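Have a look at the structure below, then the notes.
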Amino acid sequence: MAQSRTTSPEADEQASPEPAARPRLSTFHFLRPGPGTTAALVLAVLAAAALPLAAPHLTRRFVDDAIAGAATAHLLTLAAGYLALVLTGQAARLATVWVASRLAWDGTNNLRERLAEHALRLDMDYHGAHTPGEMIERVDGDVTAVADFAVAFIVDVVVGALLLAGVLAVVFTLDVRLGAALLVYCLLLGFAMMRVQRLATPSAAEAREQSAAVIGGLEEHLTMAEDIRANGAGAHVVNRFHRASAGWFRADYRASTVGSALIAGTSVAFAAGTALMLALAAWGRVSGVLTVGTAVLLFQYMLMVRTPFERLIDQLRQYQGALAGMARAGALLAEPRTLPPPADPRPLPGSGPLSLHLDGVGFAYPDDGARVLAGVTITLKPGETLGLVGRTGSGKTTIARLILRLYDPTAGAVRVGGIDLRDTDPASLRRRVGVVTQDVQLFAADVRDNLTLFRPGTDDSRLREILGEVGLGEWLAALPNGLDTRVDHVSAGEAQLLAFARAFLADPGLVVLDEASSRLDPATERHIERCVDRLLTGRTGVLIAHRLTSLSRVDKIAVVSDGAIVEYGYRRDLAADPGSRFSRMLELAGAGR
Ligand SMILES: Nc1ncnc2c1ncn2[C@@H]1O[C@H](COP(=O)(O)OP(=O)(O)OP(=O)(O)O)[C@@H](O)[C@H]1O
């Protein structure tokens, strides 16, 4: 059945040839900030680390001066200063979050665009093996994880590490022994946390894999909703969804259990650390090394150390996820095209009909490797048309895919305009070879963009003229905003006619036409037949015919059976030969010759 679906706009597929593979490190290039942003970020980070470090010094003075009997006004000034420092520290922290978020989103948006573009350029082999949902998770989910991590890394890890270093430096200047004790404690804690962290790595990666599987399945089910409902396959689909969700839950549960255990462990370690610091401060006080104010400062610092450490452990957990996301994004970017771009691309002749020559073509789809075509040889002079007939599954669509270079043949060669498609400039191939399939894809965009495929520069009057020619003149007149109307719902017939209008606009020199196998209303049928006639006039054409009557308009016939051409010749000769298969087909169908 002819279908029309709306999808989001697609990039101009072959605009520039793609290098075969990229190193994964290039993934990180997208996160590199500009000089202005870097300067703003460095300032914000330094302020966010230094201000909280300064605040406890005022507390120390407050306590010591209060014990020494200072005036209330002086103490109030210290308290107000403390408050101002805390507030400015928070503001600096907010500024850091803001700058870091902008930076992370700018960088990851670049990466997301690059991934989406690359995914669109990948060959049919790749798309056949990966569901759209999986691609969405790769392009969106993984990149979002990276963006979230980048923000948290700057805010929690960088600021936290600076704060920690500052605390150590201050404690060292107060008393070397206390500083050394704090340093040893921090190193031991850090080392233990890094070791334990490794436990969390596989579970985080597993959780993301499972979520990709669930979203991939969901996307597939939503796309097929109509068929699923019509065939009563709902229960089976829900069952599959349930199993996938259960897998995701288990993986996520494992990941969070490990994470919670780690956080609980750190709490205990910090309680011990605080107790140790308090004991040392008490000793310092008793032995006259420290004032009470300094003991309070040490206590405050110990509390301050806790947050960066905890955030650090949390970030290390997210870091695994972000690293996994980065690795998957890198793997997608490194995914090579199975259709290698030509080393020395040759453009097709810029105008006029193109010759077509399939020379001993053999083919097997990469996923199962079973032979689909063997020894297919077809020759069309410029302007000649060919009808492909054969039972379902015989290989007609596969031949069409090879002519459009959606795949490369595994044996033999496909030549258009005398040039092997493997040596043809991809942009010129897309411009000069057109296709009208049964499965018409319409974008969620206006009529103009759907016809021009987002290429600006075509006159509206030309678009109207073409729509009129394909029989959509009245349809256009009835649209509320004419060419600016968004294409949401069109009938199967209208979708087919729009596809013809696209083809007329592109004016290809070779056209592949997959005739709609379903019956449309007689008026639309007539329009479509006229379109087929017009499209095949003055162009080289390959028509996958589902109706024998359609073959009256072609010059040559190729009968395909089990991946081979079992009969091939001029239509008139075959029809005139009572022993030919084509002749028998015509007789069986009761169609005129
Ligand atoms: N993407 C694919 N991956 C693997 N095998 C495929 C793929 N597409 C088609 N095939 C197989 O290749 C063979 C030929 O299919 P093809 O679609 O070319 O036949 P067809 O003659 O166009 O059929 P129809 O008239 O039903 O459209 C079939 O056995 C089919 O199962």
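Just so you know, glycine gets a Cβ as well, placed from its N, Cα and C.
So that you can see what the record holds, here are the features copied from TrEMBL:
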| type | residues | note |
| --- | --- | --- |
| REGION | 1-25 | region 'Disordered' |
| TRANSMEM | 34-54 | transmembrane segment |
| DOMAIN | 39-321 | domain 'ABC transmembrane type-1' |
| TRANSMEM | 66-87 | transmembrane segment |
| TRANSMEM | 145-172 | transmembrane segment |
| TRANSMEM | 178-196 | transmembrane segment |
| TRANSMEM | 258-283 | transmembrane segment |
| TRANSMEM | 289-309 | transmembrane segment |
| DOMAIN | 356-587 | domain 'ABC transporter' |
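Residues of the same chain lying 6 or more positions beyond the ends of the transmembrane segment (178-196) and with a Cβ under 8 Å from any Cβ of it are 164, 167-168, 171-172, 262, 265-266, 269, 273, 276-277, 280-281, 284, 298, 305, 309, 312-313, 316.
Distant neighbours of the transmembrane segment (34-54): 85-86, 88-89, 92-93, 95-96, 99-100, 102-103, 106, 154-155, 158-159, 162-163, 166-167, 170, 304; these residues of the same chain sit at least 6 beyond its ends, with a Cβ under 8 Å from one of its Cβ atoms.
Same-chain residues lying 6+ beyond the ends of the transmembrane segment (289-309) with a Cβ under 8 Å from its Cβ atoms: 52-53, 55-57, 59-65, 67, 156, 159-161, 163-164, 167, 170-171, 174-175, 178, 182, 186, 189-190, 193, 266, 270, 273-274, 277-278, 280-282. Listed by sequence, the residues of this chain that lie at least six past the ends of the transmembrane segment (66-87) yet keep a Cβ under 8 A from its Cβ atoms are 51-52, 54-55, 58-59, 291-293. Tertiary proximity for the transmembrane segment (145-172) is limited to same-chain residues at least six positions away from its ends with a CB under 8 Å from its CB atoms, namely 31, 41, 45-46, 48-50, 52-53, 93, 96-97, 100-101, 103-105, 107-108, 111, 178-180, 182-183, 186, 208, 298, 301, 304-305, 307-309, 311-312, 314-315, 318-319, 321-322, 324-326, 329.
Summarising model confidence by region, the domain 'ABC transporter' (356-587) averages a pLDDT of 87.
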